[in-house]
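Novice: Okay, here's the structure, questions in a sec.
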Amino acid sequence: MPDAVADATTPAAPADSPAPAGSPAPGDAPAFDGRIPRVRVVGTGGTIAGSSAATTAKHYQAGVLTVEDLLGAVPQLASLATMTCEQLCQIDSVEMDLPLQLTLARRVAELAARDDVDAVLVTHGTDTLEESAYLLHLLVLTDKPVVVVGAMRPADAPGADGPSNLLNAVRVAAHPSSRGLGTLVVVGEEIHSAREVRKEHASRVEAFGSPHGPLGEVTGGVPRYAHMPRQLHGAASAYDLEALEGLDDLPPVEVLVTRAGMPSALVDAVVATGARGIVHVGPGAGNVPDRVAEALDRARATGVVVVRSSRVARGTVARGDAYDDQGHDYVAGGDLGPYKARVLLALALTVTDDTARIQDMFDTH
Ligand SMILES: NC(=O)C[C@H](N)C(=O)O
């Protein structure tokens with residue numbers, strides 16, 4: 001279980017300061033249903049909380065500073081919202097897994113349901129940020145803004161990007177125009193939909209992008225949206241945490257990437273692990289070599305659900321377009337990236353193993 005840290009109203013100045021920050025002056029902050037917005041921050045670790053001083057073994061260590069430290073380093077937050085925070089876990093997000101992501105989703109949903117919380121912000125490592133954010137997008141049934149933010153440089157690096165990302169993330173979370181958009185990911189000045197965003201660069205600060213561009217950007221301290229997320233999310237999502245009560249993990253789904261000459265025995269090996277679903281990541285439009293298709297068909301015959309996805313970053317794996325999905329009884333993954341397809345398939349398998357219904361979920365979510 002992650003370490004739970006009690007509620008903390010985060011001071012932007014030392015706690016014993018005679019004039020603790022965290023209570024914005026009326027007029028500084030955008031009206032949020034006529035109130036000063038109250039943003040709750042959940043810390044999970046990542047490079048945004050990383051420190052170069054904390055390790056000699058590698059360049060830096062992720063997940064060292066507490067979320068309270070992170071907020072305290074950006075005093076400007078106090079003029080935007082009343083900030084409170086808690087630490088859910090303290091990890092490098094490469095260690096993230098579905099049980100912990102479910103715990104995060106449950107906690108974010110609990111917070112979003114509270115009358116004293118207007119928006120929830122999650123600080124997260126960038127490696128698996130897009131998977132956690134998509135799970136929140138599907139499971140947290142709220143119209144309140146839910147924002148996930150990370151950074152590419154540790155907090156003590158020259159030119160650390162965490163503080164400015166955090167500032168923009170709070171600007172987004174604390175603004176009424178961010179309501180009803182599902183889970184948003186803020187990196188730099190850009191605001192992305194959790195469904196679309198992908199980490200596209202291994203090391204640069206501008207590491208994230210969306211195939212059709214960001215939903216909007218923060219300019220002049222204000223979020224400005226150009227697009228709306230089209231697929232179902234948040235309050236309109238077909239999934240909900242109540243239906244998952246008692247589950248501490250989701251059905252096992254593996255992602256299998258085909259490269260030239262990949263042995264089809266790998267498919268059988270994945271089935272032998274007990275996988276209930278396989279996201280096949282093929283070249284081009286999600287193409288499947290014949291010998292791999294034979295193995296996937298064997299898997300399908302035992303009830304494993306196969307989703308066709310592409311290793312190409314942009315474009316759509318359309319049902320029956322370049323491949324006979326109907327004949328093989330596969331699900332076409334559309335324009336969802338393979339790692340998000342894995343999240344959606346795992347959730348879908350908690351509801352049904354009917355491929356027509358799962359196809360519909362992929363078409364609508
Ligand atoms: N930039 C980062 O946050 C990378 C780090 N490995 C993490 O995901 O926690």
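Including glycine, each Cβ sits where the backbone N, Cα and C put it.
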Novice: Have a look at 1-34, 35-68, 273-306 and point to the one annotated region 'Disordered' in TrEMBL.
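Specialist: That would be 1-34, the stretch labelled region 'Disordered' in TrEMBL.
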Novice: List the Cα distance (Å, whole number) between T47 (active site) and T126 (active site).
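Specialist: That comes out at 8 Å between the alpha carbons.
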Novice: Within the domain 'Asparaginase/glutaminase C-terminal' (253-362) only, compute the mean pLDDT.
Specialist: 96
Novice: Let me know the most crowded of the active-site residues, choosing from T47, T126 and counting other Cβ atoms within 10 Å.
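Specialist: Per the Cβ count within 10 Å, the most buried is T47.
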